[in-house]
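Have a look at the structure below before the remarks.
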Amino acid sequence: MSDSEEESLDRQLKIVVLGDGTSGKTSLATCFAQETFGKQYKQTIGLDFFLRRITLPGSLNVTLQVWDIGGQTIGGKMLDKYIYGAQGVLLVYDVTNYQSFENLEDWYSVVKKVSEESETQPLVALVGNKIDLEHMRTVKPEKHLRFCQENGFSSHFVSAKTGDSVFLCFQKVAAEILGIKLNKAEIEQSQRVVKADIVNYNQEPMSRTVNPPRSSMCAVQ
């Protein structure tokens, strides 16, 4: 295959990640792009930018430009410009924070406004994050699915902390944008391999109960 033919199989997609500041957008983008989870919360101011190249069926190489938009930009003048030209939009909320789910109406209204003013109609995906905290869930799956059905969103549930379904979410979005259907084997192959950190701690007397600090990692195949 010539260089020009190889280049023709390379695609670039702009994926914009929107949602409230505590929904875990940055952790989601970082987990996908760098396969790590940031344990310390750091609010995104304005815009963060991530890149990752993936391969879809048919040996199609796709570079995803992930635009992590700060939660405070919802009323800002730059938000329209950040969204403009996106092929995909992830609306991210925290499944344990009902307000973060309700606020997606405001985020989506901006997406619709930009779409009407541009020639690009992005694929919109609804992403429920922090499913590792299922016992603290306040947004029922039925609510999530109804919102998807009413607006034609694709549906995803992930955990940026454990890495559960993070890569699969981005892979599915990219494939749907490009009109590529993933088969069951490809989906299963993209599922996260569960791993555990080894936590080292000092020896303590047997009479004392030791609760070492818990650690988490994001591992993506």
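Positions of Cβ are set from backbone N, Cα and C atoms, glycine also.
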Subject >> Annotated range (Swiss-Prot: region 'Switch II') out of 68-85, 104-121, 176-193 >> reply: 68-85
Original post:
With the ranges 35-49, 140-154, 200-214 to choose from, which does Swiss-Prot describe as region 'Switch I'?
Top reply: 35-49
Original post:
G21 (GTP binding site) to D68 (Mg(2+) binding site): how many Å between their Cα atoms?
Top reply: 11
**OP:** Sort out the residues at least 6 away from either end of the region 'Switch II' (68-85), same chain, that have Cβ-Cβ distances under 8 Å to it, and list them.
**Re:** 14, 16-23, 25-26, 29, 43-50, 103, 106-107, 110-111, 113-114, 117-118, 120, 122
Subject >> Helix, strand or coil at S27 (GTP binding site) [DSSP, three-state] >> reply: helix
